[in-house]
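**Student:** Handing you this structure, nothing more for now.
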């Protein structure tokens, strides 16, 4: 083994000569680090994190040897107490100087002092770089003569050639087999260390860096063994990465393919402007790791030479500091202890005499948990989801007795009760540390029922006012229940979790957010002379002493406090006063600035929130570096969300009495997340159905495996099924108590399905917002999502119970030939005839207060609406057989019936082209009714079919659209251009000038309103079956509650324009549509191919009303939704109707009245 004395200051060279091999480091000499050595009785300690130890200082701490593994020379260095104390196996791949370099051996010893068992193989098989001294006893001459210097320079030139020859020999097909043999041999010889680390770790310097990257990759088996890749036809077997994690410093000869193949956590210490590891290669690796979401750290060191990270004696302080920092960076990628124990710990008196005070205080914590400095421990970012309110796999929450465990690595929330999803996540993800949060509600006593809210008021109540919260850090792997939250990185991570917006609140904020835009005042901002302003910690309002809610004038740098805000945030409006006095328009809220460049920007001139595209530059003008900012206050949008969620409702009957709440299995309410009643009512109805219960409610099964349960639809639907059906959460709210003098009974808290709502709305323009939505549109969207999700056998798609087939029959009025077309559906939308009851005349002397009397309507039975839905009508089409233009009769009937029939009652009327809801009563009884009368008999004996390849209406396809002369003249007389008049008439049926005029007013801003159109084939008197209806357009209209036949017909009538097609549907409410020729929609093709037809033709078609979704309000996009569901109530002899009003669940009263105005009906086949 080489001695330190023979090592020189020549970079990575144990001899006298200057190396021409890149990546060299001056060797370290003597005891230079000032470690105090003291006698040890019964124990020896290595303090990790101290400065580098010299060879003499480390003689007592590590056990070193040069040995063989699998017939390969290796330098092995072990912790002094191994194998009595556990260690982890680390493979160190050196630079070209090999295992006899003192620098490399010192580097290996340093890792051993960190608790690793280090194996440094001779990857060059004795063929180290020519500039290296392989003879450990070689000595160096000093002060060579001039002749010797000439000889040395000649030698350098020769060595440059030798280096090229050496590099040509050191190829992957030579090096990888050596490394593979060492890896396999080390697994056998040091199996305990491999098992303790759950794999092998690797570090590499310079030349070794390339092979760390290759060992971290998923290479073909042939490449891993250094052989040529087999022919593709023979097949190539992939081998997984041979290491668990890796790190390398100033790598050489690394290619893009090397870094883009990395599959395990990796740390890279790089030199700025390093030609041996080019920027493009480094950035390719960074991009790959980010896209694959592989844990990594890439750090660039400036002002240091290539090779700086290998232990050596540098005079430059900057290089010394970088060397130390690089070592710590590389160690941090591996899960190791913060200090290492050799032999027995000894007695506390010894530690007190010989240990620095700060280490004495740290030792109990360091002994408790070894993960507190893990490289993956990072505080959550401003936009990162933190699940700290309820479990991602069930609805257990921080309000339960044992609280919730939040993973400190990925911020997943897991329950701690009997199901213990937190432990399951920890074991699956290998994330040992969690933050346990327990919250208890401060008791609230009501002396009387709550008053109905008549207006929204600002309340300064905070979470601290409502809850008591207790936290602790726990480690599953170490078995420690209360880890010191100040140790390692824990303090920053814990604080970040507690301060971060929860996932639910973050989703709400995002959903509520508007699309803010810049204005002329932000775009044309002219700033005054630059100056350095006080930091946020020291700054205060220029007109008062407030140090929060501060707004910085971007024009002059004035700090002024904002308005008093919801939640008790103080303010005296001095920022507004400054804007009024100076006319400086734009200000930014200091506490809302994030390193990502987001912040609250307000323009006082526009009196609205804005965006400043040049915010970093505008802040830098006042000495504020946006990259160093930390968001410390709630944004305006976050405070708005809190304000919107303060609504409370009292569940009372008409006489003012509180309705009796229901609790238990199947009687669990859903909390209103802010205009989410439309979703809650649909979900309650769906999960009452046996098919949904059978598919998603499996209380005895373990949850599905998912890396991100909160982002998995299967997991969230199972979570909801368990929450609604198990009865675990259907209990009175114990946080509210009432006096003996009030009749109020506490309702349940209700479940908050925020994660499911996020998944349902993700990517959807409407459902991703917090605005009220159409419940029927949500039903269609949700059924589509569920159908597209996986349903592993024996589980079945629950939406199958909704599917059935409608059959359309067309018969020519002249030749009597027929055509049948079928279409698969999962709902029907039936028309509701509108018959107003005449209002009595109001005497002229009677004062109505300016209010228009409310319209009343005659009741309509469900049978009447179904009769209209299935009735015959005459359509103007040209027969392809007899060429008659007399038209066809068209009728749509059920070919099969579903198990569950979803019916949407269309109670709408167009008022100025805006759909307006009408309160037309639809009478539906509780008794079962038969739909057999609406079943299609199919092709009858004696009927002659039209040829399949003929296109009904094709003869009229060339007919040019001719606008109605009278209507066209009226519109032109009003001053509308002719092209607009023609478009309006075509869109509205070519008959009524008033309808066309309303259409024009509604489409004045259309970008193509003045564009000429080709109206060929659009004759209102003769339709065409030409396929202009795209699948995307039909799906778009379907999401609005329009059936595929209606959508197809509307699109064909309007040239494929979705907006005009929507108008056409509303102006033709009784048209059942076109069942088309689309093979994908033609169920007859399914029959021919032997596929199962959805629904059933056999047996009775008796249906009974199971549940309804009711709506109150003038528009489906406003008002409130509730659900009424027929259920068996314990203690009642007969089924009864139960009202689900968000979290409130009660036995319903006067349900017959509500059934008349239902919006969605669910009928169950008996």
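Positions of Cβ are set from backbone N, Cα and C atoms, glycine also.
Since we're looking at a predicted model, the values are computed, not measured.
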**Student:** Which residue range, 1-24, 25-48, is the one TrEMBL calls region 'Disordered'?
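**Tutor:** Going through 1-24, 25-48 one by one, TrEMBL flags 1-24 as region 'Disordered'.
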**Student:** Work out, from DSSP, the number of helix, strand and coil residues along the domain 'UBP-type' (517-626).
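**Tutor:** Taking each residue of the domain 'UBP-type' (517-626) in turn, the totals are 23 helix, 19 strand, 68 coil.
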**Student:** What is the average pLDDT across the domain 'UBP-type' (517-626)?
**Tutor:** 83
**Student:** Please work out the helix, strand and coil residue numbers for the domain 'UBA' (962-1003) from the DSSP assignment.
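**Tutor:** The counts are 29 helix, 0 strand, 13 coil.
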